[in-house]
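Each remark here refers to the structure printed beneath this line.
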Amino acid sequence: MSHNSFGHLFRVTTWGESHGLALGCVVDGCPPGITFTEAEIQSFLDKRKPGQSKYTTQRREPDQVRVLSGVLLGEDGVTMTTTGTPISMMIENTDQRSKDYGEIARQYRPGHADYAYDVKYGIRDYRGGGRSSARETAARVAAGAIARKVVPGLEVRGALVSIGAHDIDRSRWNWAEVDNNPFFTPDAGSVEVFADYLDGIRKNGSSVGAIIEIVAEGVPAGIGAPIYGKLDQDIASYLMSINAVKGVEIGNGFEAARLTGEENADEMRMGNDGKPIFLSNHAGGVLGGIATGAPVVARFAVKPTSSILTPRRSINKDGNEVDVMTRGRHDPCVGIRAVPIGEAMVACAIADHYLRHRGQTGRV
(Lines of atoms letter the chains of each structure in order from A and count residues from 1; the text may use other names and numbers.)
(Lines give C-alpha, C1' and ligand atoms only; values in the text may rest on other atoms or scores of the structure.)
Protein backbone atom coordinates (compact mmCIF):
# COMPACT_ATOMS: atom_id res chain seq x y z
CA MET A 1 0.00 0.00 0.00
CA SER A 2 1.53 3.28 -1.13
CA HIS A 3 0.41 6.91 -0.77
CA ASN A 4 1.16 7.25 2.93
CA SER A 5 3.05 10.55 2.58
CA PHE A 6 2.10 14.13 1.80
CA GLY A 7 3.94 17.41 1.33
CA HIS A 8 6.89 18.60 -0.75
CA LEU A 9 9.47 20.20 1.56
CA PHE A 10 7.58 19.70 4.83
CA ARG A 11 6.89 16.04 4.16
CA VAL A 12 4.91 13.78 6.47
CA THR A 13 4.65 9.99 6.36
CA THR A 14 2.21 8.26 8.70
CA TRP A 15 2.24 4.60 9.62
CA GLY A 16 0.26 2.14 11.73
CA GLU A 17 -3.25 0.73 11.99
CA SER A 18 -6.21 1.02 14.33
CA HIS A 19 -5.51 -2.26 16.14
CA GLY A 20 -1.76 -2.55 15.63
CA LEU A 21 0.79 -2.18 18.40
CA ALA A 22 1.41 1.49 17.64
CA LEU A 23 1.09 4.22 15.05
CA GLY A 24 3.11 7.29 14.28
CA CYS A 25 4.65 9.60 11.75
CA VAL A 26 7.95 10.74 10.30
CA VAL A 27 8.30 14.45 9.57
CA ASP A 28 11.01 15.10 7.00
CA GLY A 29 12.17 18.55 5.91
CA CYS A 30 11.56 20.37 9.17
CA PRO A 31 14.14 23.17 9.47
CA PRO A 32 16.76 22.91 12.23
CA GLY A 33 16.63 25.11 15.29
CA ILE A 34 12.90 24.90 16.03
CA THR A 35 12.14 24.33 19.70
CA PHE A 36 9.18 22.51 21.22
CA THR A 37 8.24 20.13 24.02
CA GLU A 38 6.40 16.83 24.02
CA ALA A 39 3.80 18.51 26.21
CA GLU A 40 3.03 20.98 23.42
CA ILE A 41 2.42 18.14 20.98
CA GLN A 42 0.41 16.29 23.62
CA SER A 43 -1.95 19.23 24.10
CA PHE A 44 -3.19 18.85 20.52
CA LEU A 45 -3.40 15.07 20.76
CA ASP A 46 -5.48 15.40 23.91
CA LYS A 47 -8.09 17.36 21.95
CA ARG A 48 -8.38 14.52 19.42
CA LYS A 49 -8.07 11.47 21.66
CA PRO A 50 -11.11 9.20 22.11
CA GLY A 51 -13.16 8.51 25.21
CA GLN A 52 -13.42 12.07 26.50
CA SER A 53 -17.21 12.38 26.38
CA LYS A 54 -20.30 10.29 25.68
CA TYR A 55 -20.48 11.92 22.25
CA THR A 56 -17.32 10.23 20.98
CA THR A 57 -16.14 6.63 20.86
CA GLN A 58 -15.64 5.02 24.27
CA ARG A 59 -12.37 3.47 23.19
CA ARG A 60 -9.92 4.91 25.72
CA GLU A 61 -6.47 5.68 24.42
CA PRO A 62 -4.04 7.98 26.27
CA ASP A 63 -2.42 8.84 22.92
CA GLN A 64 0.86 9.53 24.69
CA VAL A 65 3.39 10.72 22.14
CA ARG A 66 7.09 9.82 22.14
CA VAL A 67 9.58 11.74 20.02
CA LEU A 68 12.16 9.21 18.85
CA SER A 69 14.49 11.13 16.55
CA GLY A 70 15.37 14.39 14.87
CA VAL A 71 15.85 16.46 18.02
CA LEU A 72 18.36 17.36 20.71
CA LEU A 73 17.10 17.44 24.28
CA GLY A 74 17.95 20.62 26.15
CA GLU A 75 19.60 20.93 29.54
CA ASP A 76 16.19 21.33 31.16
CA GLY A 77 15.33 17.79 30.07
CA VAL A 78 12.11 19.03 28.46
CA THR A 79 12.80 21.38 25.56
CA MET A 80 13.69 19.77 22.25
CA THR A 81 15.44 21.45 19.33
CA THR A 82 15.10 20.12 15.79
CA THR A 83 18.33 19.13 14.06
CA GLY A 84 16.98 19.11 10.50
CA THR A 85 16.94 15.32 10.34
CA PRO A 86 13.70 13.29 10.19
CA ILE A 87 11.51 13.64 13.27
CA SER A 88 9.93 10.32 14.19
CA MET A 89 7.03 10.19 16.64
CA MET A 90 5.19 7.17 18.02
CA ILE A 91 1.86 6.66 19.80
CA GLU A 92 1.09 3.24 21.28
CA ASN A 93 -2.33 1.59 20.98
CA THR A 94 -3.46 0.31 24.37
CA ASP A 95 -7.24 -0.29 24.17
CA GLN A 96 -7.84 -2.45 21.10
CA ARG A 97 -10.77 -4.91 21.19
CA SER A 98 -10.41 -6.81 17.94
CA LYS A 99 -12.96 -9.44 19.01
CA ASP A 100 -15.70 -6.84 18.48
CA TYR A 101 -15.08 -7.05 14.74
CA GLY A 102 -15.24 -10.82 14.20
CA GLU A 103 -18.71 -10.68 12.65
CA ILE A 104 -17.67 -8.23 9.93
CA ALA A 105 -14.43 -9.97 8.98
CA ARG A 106 -16.06 -11.13 5.74
CA GLN A 107 -18.87 -8.56 5.49
CA TYR A 108 -18.82 -5.15 3.84
CA ARG A 109 -20.23 -2.27 5.86
CA PRO A 110 -22.28 0.04 3.61
CA GLY A 111 -20.57 3.42 3.38
CA HIS A 112 -17.26 2.08 4.70
CA ALA A 113 -13.97 1.46 2.90
CA ASP A 114 -14.25 -2.32 3.46
CA TYR A 115 -15.33 -3.21 -0.07
CA ALA A 116 -13.03 -0.74 -1.82
CA TYR A 117 -9.95 -2.00 0.07
CA ASP A 118 -10.81 -5.62 -0.78
CA VAL A 119 -11.31 -4.77 -4.45
CA LYS A 120 -7.95 -3.00 -4.65
CA TYR A 121 -5.71 -5.16 -2.45
CA GLY A 122 -7.51 -8.50 -2.16
CA ILE A 123 -7.10 -8.25 1.60
CA ARG A 124 -8.15 -5.82 4.32
CA ASP A 125 -7.61 -5.34 8.02
CA TYR A 126 -11.15 -5.59 9.36
CA ARG A 127 -10.07 -4.86 12.95
CA GLY A 128 -11.34 -1.35 13.48
CA GLY A 129 -10.87 -0.55 9.81
CA GLY A 130 -7.10 -0.92 9.88
CA ARG A 131 -5.44 1.85 7.91
CA SER A 132 -8.79 3.38 6.88
CA SER A 133 -9.66 4.06 10.52
CA ALA A 134 -9.65 7.61 11.87
CA ARG A 135 -7.19 6.25 14.44
CA GLU A 136 -4.48 7.00 11.85
CA THR A 137 -5.17 10.72 12.21
CA ALA A 138 -3.52 10.88 15.63
CA ALA A 139 -0.21 10.82 13.77
CA ARG A 140 -1.30 13.76 11.60
CA VAL A 141 -2.16 15.80 14.68
CA ALA A 142 1.34 15.18 16.04
CA ALA A 143 2.85 16.32 12.72
CA GLY A 144 0.60 19.37 12.71
CA ALA A 145 1.93 20.40 16.10
CA ILE A 146 5.41 20.61 14.56
CA ALA A 147 4.08 22.41 11.47
CA ARG A 148 2.66 25.22 13.60
CA LYS A 149 6.18 25.94 14.81
CA VAL A 150 7.62 26.28 11.31
CA VAL A 151 5.75 29.47 10.36
CA PRO A 152 6.44 32.37 12.78
CA GLY A 153 3.25 33.91 14.14
CA LEU A 154 0.94 31.29 12.63
CA GLU A 155 -2.26 30.54 14.53
CA VAL A 156 -4.59 27.81 13.27
CA ARG A 157 -7.93 27.34 15.00
CA GLY A 158 -10.89 25.13 14.21
CA ALA A 159 -14.51 24.93 15.30
CA LEU A 160 -17.52 22.73 14.65
CA VAL A 161 -20.22 24.83 12.98
CA SER A 162 -22.97 22.29 12.35
CA ILE A 163 -24.10 18.80 13.34
CA GLY A 164 -26.66 17.24 11.06
CA ALA A 165 -29.22 19.92 10.19
CA HIS A 166 -28.35 22.01 13.26
CA ASP A 167 -26.17 25.08 12.59
CA ILE A 168 -24.53 27.46 15.04
CA ASP A 169 -25.57 31.10 15.33
CA ARG A 170 -22.57 32.89 13.85
CA SER A 171 -23.51 36.13 15.58
CA ARG A 172 -22.54 34.41 18.85
CA TRP A 173 -19.13 33.19 17.59
CA ASN A 174 -16.62 33.24 20.45
CA TRP A 175 -13.30 31.42 20.07
CA ALA A 176 -12.97 31.26 23.86
CA GLU A 177 -15.97 28.89 23.96
CA VAL A 178 -14.42 26.25 21.70
CA ASP A 179 -12.46 24.48 24.43
CA ASN A 180 -15.25 24.86 26.99
CA ASN A 181 -17.62 22.28 25.52
CA PRO A 182 -17.40 18.71 24.15
CA PHE A 183 -18.32 19.78 20.61
CA PHE A 184 -15.59 22.38 19.96
CA THR A 185 -18.30 24.84 18.96
CA PRO A 186 -17.79 28.62 19.26
CA ASP A 187 -21.49 29.18 19.99
CA ALA A 188 -22.39 28.49 23.61
CA GLY A 189 -26.06 28.62 22.69
CA SER A 190 -25.69 25.58 20.43
CA VAL A 191 -24.22 23.27 23.06
CA GLU A 192 -27.54 22.16 24.53
CA VAL A 193 -29.07 21.75 21.06
CA PHE A 194 -26.17 19.58 19.91
CA ALA A 195 -26.24 17.57 23.15
CA ASP A 196 -29.95 16.78 22.96
CA TYR A 197 -29.71 15.87 19.29
CA LEU A 198 -26.68 13.60 19.72
CA ASP A 199 -28.21 11.91 22.76
CA GLY A 200 -30.99 10.67 20.51
CA ILE A 201 -28.59 9.66 17.75
CA ARG A 202 -26.39 7.78 20.20
CA LYS A 203 -29.26 5.95 21.93
CA ASN A 204 -30.55 4.78 18.55
CA GLY A 205 -27.13 3.40 17.64
CA SER A 206 -26.99 5.72 14.66
CA SER A 207 -24.58 8.44 13.52
CA VAL A 208 -24.61 11.88 11.94
CA GLY A 209 -22.30 14.17 9.98
CA ALA A 210 -20.86 17.61 10.72
CA ILE A 211 -19.17 20.65 9.20
CA ILE A 212 -15.92 22.06 10.61
CA GLU A 213 -14.42 25.47 9.91
CA ILE A 214 -10.68 26.15 10.08
CA VAL A 215 -9.26 29.67 10.32
CA ALA A 216 -5.52 30.27 9.91
CA GLU A 217 -4.21 33.70 10.89
CA GLY A 218 -0.68 35.01 10.47
CA VAL A 219 -0.30 33.36 7.06
CA PRO A 220 2.39 35.38 5.22
CA ALA A 221 1.16 37.15 2.08
CA GLY A 222 2.80 35.70 -1.00
CA ILE A 223 3.09 32.05 -0.04
CA GLY A 224 1.42 29.65 -2.42
CA ALA A 225 1.74 29.38 -6.18
CA PRO A 226 -0.38 29.76 -9.31
CA ILE A 227 -2.05 27.12 -11.47
CA TYR A 228 -0.94 23.67 -10.27
CA GLY A 229 0.63 24.56 -6.92
CA LYS A 230 -2.09 26.65 -5.33
CA LEU A 231 -2.22 27.04 -1.57
CA ASP A 232 -5.99 26.54 -1.51
CA GLN A 233 -5.65 23.55 -3.83
CA ASP A 234 -3.32 21.84 -1.36
CA ILE A 235 -5.42 22.79 1.65
CA ALA A 236 -8.42 21.20 -0.05
CA SER A 237 -6.39 18.11 -0.92
CA TYR A 238 -5.05 17.75 2.61
CA LEU A 239 -8.51 18.12 4.14
CA MET A 240 -10.06 15.69 1.65
CA SER A 241 -7.51 13.08 2.74
CA ILE A 242 -9.07 12.97 6.22
CA ASN A 243 -11.25 9.92 6.80
CA ALA A 244 -14.97 10.54 6.13
CA VAL A 245 -14.47 14.00 4.57
CA LYS A 246 -16.72 14.39 1.51
CA GLY A 247 -16.47 18.08 0.69
CA VAL A 248 -14.23 21.14 1.14
CA GLU A 249 -14.74 24.83 0.43
CA ILE A 250 -12.45 27.85 0.75
CA GLY A 251 -13.80 31.25 1.78
CA ASN A 252 -17.36 31.67 0.55
CA GLY A 253 -17.01 28.40 -1.32
CA PHE A 254 -20.20 27.28 -3.05
CA GLU A 255 -22.05 30.29 -1.68
CA ALA A 256 -19.97 32.47 -4.02
CA ALA A 257 -21.97 31.05 -6.93
CA ARG A 258 -25.06 32.81 -5.54
CA LEU A 259 -23.40 36.24 -5.35
CA THR A 260 -22.82 39.00 -7.87
CA GLY A 261 -19.35 40.23 -8.71
CA GLU A 262 -19.93 43.32 -6.58
CA GLU A 263 -20.95 41.22 -3.59
CA ASN A 264 -18.13 38.70 -3.85
CA ALA A 265 -15.19 41.05 -4.53
CA ASP A 266 -12.92 41.80 -1.56
CA GLU A 267 -12.36 45.55 -1.81
CA MET A 268 -9.05 47.02 -0.61
CA ARG A 269 -7.78 50.13 1.12
CA MET A 270 -4.51 51.24 2.73
CA GLY A 271 -4.35 50.78 6.48
CA ASN A 272 -3.01 53.26 9.00
CA ASP A 273 0.24 51.30 9.05
CA GLY A 274 0.71 51.82 5.32
CA LYS A 275 -0.11 48.21 4.48
CA PRO A 276 -3.02 47.03 2.30
CA ILE A 277 -6.15 45.79 4.05
CA PHE A 278 -9.16 43.90 2.74
CA LEU A 279 -12.63 45.19 3.60
CA SER A 280 -14.02 41.64 3.42
CA ASN A 281 -12.67 38.12 3.06
CA HIS A 282 -14.96 36.28 0.68
CA ALA A 283 -11.91 34.67 -0.96
CA GLY A 284 -10.84 33.04 2.29
CA GLY A 285 -7.38 34.58 2.26
CA VAL A 286 -6.26 33.15 -1.09
CA LEU A 287 -6.34 34.73 -4.57
CA GLY A 288 -4.83 33.04 -7.61
CA GLY A 289 -3.56 30.28 -5.35
CA ILE A 290 -1.45 32.76 -3.34
CA ALA A 291 -2.05 33.95 0.22
CA THR A 292 -3.16 37.58 0.54
CA GLY A 293 -2.31 37.98 4.21
CA ALA A 294 -5.97 37.84 5.22
CA PRO A 295 -7.08 34.88 7.37
CA VAL A 296 -7.20 31.64 5.42
CA VAL A 297 -10.66 30.13 5.89
CA ALA A 298 -11.65 26.57 4.96
CA ARG A 299 -14.63 24.39 5.77
CA PHE A 300 -15.03 20.65 5.34
CA ALA A 301 -17.97 18.27 5.57
CA VAL A 302 -17.69 14.97 7.43
CA LYS A 303 -20.13 12.20 6.59
CA PRO A 304 -21.91 10.09 9.25
CA THR A 305 -19.88 7.23 10.69
CA SER A 306 -20.50 4.05 8.70
CA SER A 307 -20.41 1.80 11.76
CA ILE A 308 -23.97 1.83 13.14
CA LEU A 309 -26.26 -0.60 15.00
CA THR A 310 -29.11 -0.30 12.49
CA PRO A 311 -29.04 -3.34 10.15
CA ARG A 312 -28.11 -2.35 6.58
CA ARG A 313 -28.31 -4.49 3.45
CA SER A 314 -24.97 -5.56 1.99
CA ILE A 315 -22.97 -8.55 0.75
CA ASN A 316 -20.09 -10.57 2.12
CA LYS A 317 -16.80 -11.62 0.59
CA ASP A 318 -18.42 -14.79 -0.78
CA GLY A 319 -21.02 -12.78 -2.69
CA ASN A 320 -23.89 -13.65 -0.37
CA GLU A 321 -26.45 -11.03 0.59
CA VAL A 322 -26.35 -10.16 4.29
CA ASP A 323 -27.65 -7.64 6.80
CA VAL A 324 -24.79 -5.83 8.51
CA MET A 325 -24.97 -4.42 12.02
CA THR A 326 -21.69 -3.12 13.43
CA ARG A 327 -20.83 -3.73 17.05
CA GLY A 328 -17.89 -2.19 18.88
CA ARG A 329 -17.11 1.35 19.99
CA HIS A 330 -17.74 4.13 17.50
CA ASP A 331 -18.27 7.88 17.29
CA PRO A 332 -21.91 8.91 16.86
CA CYS A 333 -20.44 12.04 15.23
CA VAL A 334 -16.87 11.63 14.06
CA GLY A 335 -16.89 15.29 13.04
CA ILE A 336 -16.33 16.34 16.65
CA ARG A 337 -12.84 14.88 16.82
CA ALA A 338 -12.14 16.06 13.26
CA VAL A 339 -11.63 19.63 14.53
CA PRO A 340 -7.99 19.18 15.70
CA ILE A 341 -7.33 16.95 12.69
CA GLY A 342 -8.43 19.68 10.30
CA GLU A 343 -6.29 22.20 12.16
CA ALA A 344 -3.27 19.92 11.79
CA MET A 345 -3.72 19.37 8.07
CA VAL A 346 -4.13 23.08 7.33
CA ALA A 347 -1.03 23.81 9.43
CA CYS A 348 0.96 21.21 7.47
CA ALA A 349 -0.15 22.66 4.13
CA ILE A 350 0.79 26.19 5.17
CA ALA A 351 4.16 25.08 6.57
CA ASP A 352 4.98 23.28 3.32
CA HIS A 353 4.10 26.33 1.21
CA TYR A 354 6.02 28.61 3.55
CA LEU A 355 9.19 26.57 3.06
CA ARG A 356 8.63 26.31 -0.70
CA HIS A 357 8.12 30.07 -0.96
CA ARG A 358 11.26 30.75 1.07
CA GLY A 359 13.26 28.36 -1.08
CA GLN A 360 12.01 29.84 -4.35
CA THR A 361 12.11 33.56 -3.57
CA GLY A 362 14.41 33.86 -0.56
CA ARG A 363 11.69 35.98 1.06
CA VAL A 364 9.15 35.32 3.80
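Each residue, glycine too, has its Cβ placed from N, Cα and C.
Taken from Swiss-Prot, the feature NADP(+) binding site applies to Arg48, supported by sequence analysis. If you look up Swiss-Prot, you'll see Arg131, Ser132, Ser133, Asn243, Ala244, Gly288, Lys303, Pro304, Thr305, Ser306, Ser307, Arg329 marked as FMN binding site, on the strength of sequence analysis.
Straight-line distance linking the Cα atoms of Ser307 (FMN binding site) and the residue listed as 'NADP(+) binding site', rounded to a whole number, equals 19 Å. Neighbour counts of Cβ atoms within 10 Å were taken for the binding-site residues Arg48, Arg131, Lys303; the minimum is at Lys303.
The binding-site residues in question are Ser133, Thr305, Ser307, and the one with the fewest Cβ neighbours inside 10 Å is Ser133. If you take the Cα of Ala244 (FMN binding site) and the Cα of the residue listed as 'NADP(+) binding site', they are about 15 angstrom apart, rounded to a whole number. Secondary structure at Thr305 (FMN binding site), taken from DSSP and collapsed to helix, strand or coil, is coil.
Separating the Cα atoms of Arg131 (FMN binding site) and Arg48 (NADP(+) binding site) is a whole-number distance of 17 Å.
Across the structure, Thr305 (FMN binding site) and Arg48 (NADP(+) binding site) are spaced 16 Å apart at their Cα atoms.
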